[in-house]
Amino acid sequence: MANLGCWMLVLFVATWSDLGLCKKRPKPGGWNTGGSRYPGQGSPGGNRYPPQGGGGWGQPHGGGWGQPHGGGWGQPHGGGWGQPHGGGWGQGGGTHSQWNKPSKPKTSMKHMAGAAAAGAVVGGLGGYMLGSAMSRPLIHFGNDYEDRYYRENMYRYPNQVYYRPVDQYSNQNNFVHDCVNITIKQHTVTTTTKGENFTETDVKMMERVVEQMCITQYEKESQAYYQRGSSMVLFSSPPVILLISFLIFLIVG
């Protein structure tokens, strides 16, 4: 880890040193220097975007920007944006006044999906989060009747689990036990309110299905937890701290 931090330090020092030198180099074509900040003005080639109507940019009587008598931006008598007498946007005389009304905010489906994938905290459940949707596992129960019953009714069983952060549990068994209990309880209550009841066979199968999904959720959350811990260790190492301090010095200086 220390070797990695040292190599990162060397790489960023070389990069930012070059950028720091570039920032200190004088720029040609400054104010009152030989070069022009806007090549094309005052040269034989003319401006890349010549003004229309005979007037220069920002000059009166020729359609300049922000000046009267020429249809400038935001000025009367010339059809400016948002002003009367000229059919501006959102004002009298225009044909598109409704365009000035603010549009209603729309909920992004990507944001909703991202919240579900990351594990959204469920209100009223004491800090439990709802995991992302999973494919229901293929489970064999030991006899043809239950196997067939499961295949025909698996759509009635949960495909998401409720869980708490893994750092609140001492081991996987405690996480899975709590995850199974709260998930089956919530799913049963929700389904019962819709007028559907579960048999003992349904409960038995739900326990097996939810247990497999809770194990999968634990493995996923544990991996993410250890990755976050590794990142914290990396950024707390002395070489990385020195690197960050040096970058701040270059940016401020």
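Going from the start of the chain as shown, residues are counted 1 onward.
Heads up, the Cβ atoms here are built off N, Cα and C, so glycines get one too.
Residues annotated as repeat '1' in Swiss-Prot: 51-59. Averaged over the repeat '1' (51-59), the predicted model has a pLDDT of 47.
What Swiss-Prot lists as Cu(2+) 1 binding site is H61, G62, G63, and the listing cites similarity to another entry.
Look at Swiss-Prot and you will find 76-83 tagged as repeat '4'.
Just so you know, the Cβ of C214 (disulfide bond) picks up 24 other Cβ atoms within 10 Å once every protein chain is counted. Taken from Swiss-Prot, the feature disulfide bond covers C179-C214.
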In three-state DSSP terms, the structure that C214 (disulfide bond) belongs to: helix
Nonlocal neighbours by CB distance (under 8 Å) for C179 (disulfide bond), same chain, sequence gap 6 or more: V161, Y162, Y163, V210, C214, Q217, Y218
